[in-house]
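According to Swiss-Prot, the ATP binding site annotation covers Gly30, Asn31, Asn32, Ala33, Gln34, Gly35, Lys36, Thr37.
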Amino acid sequence: MWIKELELKHYRNYDHLLASFSSGLNVFIGNNAQGKTNFLEAIYFLSLTRSHRTRADKELIHFDHSTVSLTGKIQRISGTVDLEINLSDKGRVTKINALKQAKLSDYIGTMMVVLFAPEDLQLVKGAPSLRRKFIDIDLGQIKPVYLSELSHYNHVLKQRNSYLKSAQQIDAAFLAVLDEQLAGYGARVMEHRIDFINALEKEANTHHQAISNGLESLSLSYQSSVVFDKKTNIYQQFLHQLEKNHQKDFFRKNTSVGPHRDDLAFYINGMNANFASQGQHRSLILSLKMAEVSLMKALTGDNPILLLDDVMSELDNTRQTKLLETVIKENVQTFITTTSLDHLSQLPEGIRIFHVTKGTVQIDSDIH
């Protein structure tokens, strides 16, 4: 898939913008604080209905307006789709082909994106919540039902934690009802995650071995707070651990086990990647991003859109070449932001260049 056209009204520093793109490489050049990242954020937002930079929708609204509108024309294998998101103080409205979508899981996945931004370099050593977010964003696009299961799980988790904080003593019967619901939704969330990580590991290891010239292997490990022996037993064993932890959870006023506490570990040649070099970290993250692209295509039959936000300067020539070779080979529409073309080596033919200045975008040329 690829985005043919994007229109922004009152988004960040863009008062009004209408732009069309190449189905291949699109490079946005400009000084810092001109709107390059805002532009990629808008594409990300149109796909996932959320920003990767802020949780406050009001920050997305142009300073002298009260509403935001984003519309995009997406070319999928199945045909052209029109997406629209409108933000106001009354909330958020999402539409597909002018039809309002009642559920998030009905909208997300229509346009898939993979974002590679500087903050992704913290994925290995950062907080576990970063790695859970990484899993959730990818899985939500590949399997929209996952978002529904995760939403139900978080709703019951909130109920259970609220009860634990307010209760003067344990009502075992009431907790048992919440435990059964939490274990049911949680087990399905974990099953989806396990399948996804197993598939991602295969793709990422293939890319990592290519980048390292066969010198390094990459493996991933899903680390669950729920102790289980096999996937088919997760529900029963999760439920048992919830029941076993009633007193502990009551004392701590929160739920001590479940997918909300799970993590993802990375290993290079069997060694925890927390101890890897900076160069190995960059290769690992690059391998993951390329694996996201190839896995989405393998599981959905369509390519995602790749957003490279100011990361090419973080990669040496070898890693840049591997990345560009992959997107060209897989025919992936790619958006790159940079302050200068000097950071980019071996650019292919057929790219479209845009200049970004103070919330305006001008097409420079198509290079053939």
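Even glycines carry a Cβ here, placed using N, Cα and C.
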Conformational class of Thr37 (ATP binding site) under the three-state DSSP mapping: helix
Other CB atoms, at most 10 A from the CB of Gly35 (ATP binding site): 24
Sparsest-packed among the binding-site residues, when each Cβ's other Cβ atoms within 10 Å are tallied, from Asn31, Asn32, Gln34, Thr37: Asn32
Check: same-chain CB within 8 A of ATP site center, minus Gly30, Asn31, Asn32, Ala33, Gln34, Gly35, Lys36, Thr37: Asn38, Thr337, Thr339, Val356
